[in-house]
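In what follows, a structure is listed as structure tokens, so that the remarks can point back to it.
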Amino acid sequence: MSVNLWAPSASIATLKQRAVILRSIREFFYARNVMEVETPSLSGASVTDIHLVSFNTRFVGPGHASGLELYLQTSPEFAMKRLLAAGSGPIFQLCKAFRNEEAGSHHNPEFTMLEWYRPGFDEFALMAEIDELMQLILDVAPSERLTYQHAFEQVLGLDPLTASLEQLQQLACEQGFADIAKNETHRDTLLQLLFCMKVEPTIGQHKPCFVYHFPASQAALAQICDHDSRVAGRFELYYKNMELANGFNELTNATEQAKRFNDDNEYRKQNGLKQVPMDKHLIAALEHGLAPCAGVALGIDRLVMLATQKSNIKEVIAFDVTRA
């Protein structure tokens, strides 16, 4: 049977539902006096996260005859934090983000992200606000909350905060990942493998579930918790086999943030991965001063999938990567 590749991958009826959801999200924030902003999709720097790959290109123009390397952003986070440091107050953005990774039922290399930041909030206050939005858009019961440690122990019987590399390798072998475990010496890679493949499928099956207090080694751009230096003020939201959101009690210390970027790039160098330019504008903004705040990135396409009961991301976007 022939396929009309000129036609949208989503039905017009679904795209109309999507438009209503986007309008509802905007109204949610307008009612709370959260300002909508726009930031660049192209930047001279990008995320250093070792698990993310950015698209990059070269800009050839006045003053850049040999080409200026630019990256499509995996998230608007860095630029939005610069706005916060400049005194914007609470802000949100609906935008395209780009990740050079696989396409599948839950992934498209170009996708729509909702990101927002709340000065004066910690991760728990932000989780409560996200929960309100989930109830509005998905008409679901209030979310539940689990610590990363409890979720991991409940399914796999091992404390992820105290487990040694050898214990994680053994557990991964027992769970059917011997081909990876026998050569893996990075503790967090094993933690993420086990959590993704074995723990995540058990979370949020009946109602949305926040998993919080991720290991400090996976803090990314979150603060380390004052009460327990083994964990970070980071959380993720899961519902019906999908990771919907990733949020932080934001790191505001410029020195620590620069160290984390450098550590990522050192790991990249040692493991044959491309090093990524550190966002010096973000570091300068943190040096200027970023007030305590919490922020979150939420995948709009996956949210629409849940709201419209679709099983593939291409069913909720106008043109997936095969038709773009």
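Indices start at 1 and increase along the chain as displayed.
Just so you know, glycine gets a Cβ as well, placed from its N, Cα and C.
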- Gly44, Gly299: which one does Swiss-Prot list with Arg99, Asn100, Glu101, Asn108, Glu243, Leu244 for the ATP site? Gly299
- Query: According to Swiss-Prot, Ser75, Pro76, Glu77, Tyr117 bind substrate; which of Glu200, Glu236, Glu250 is also listed for that site?
  - Reply: Glu250
- Note on the structure: For Leu244 (ATP binding site), the same-chain residues 6+ apart in sequence with C-beta under 8 angstroms from its C-beta are Pro208, Leu237, Tyr238, Leu298, Gly299, Arg302, Leu303, Leu306
- Task: Could you measure between Glu77 (substrate binding site) and Arg99 (ATP binding site) for me? Cα positions, answer in whole angstrom.
- Result: 14
- Asn100 (ATP binding site) to Tyr117 (substrate binding site), Cα to Cα, whole Å, comes out at 25
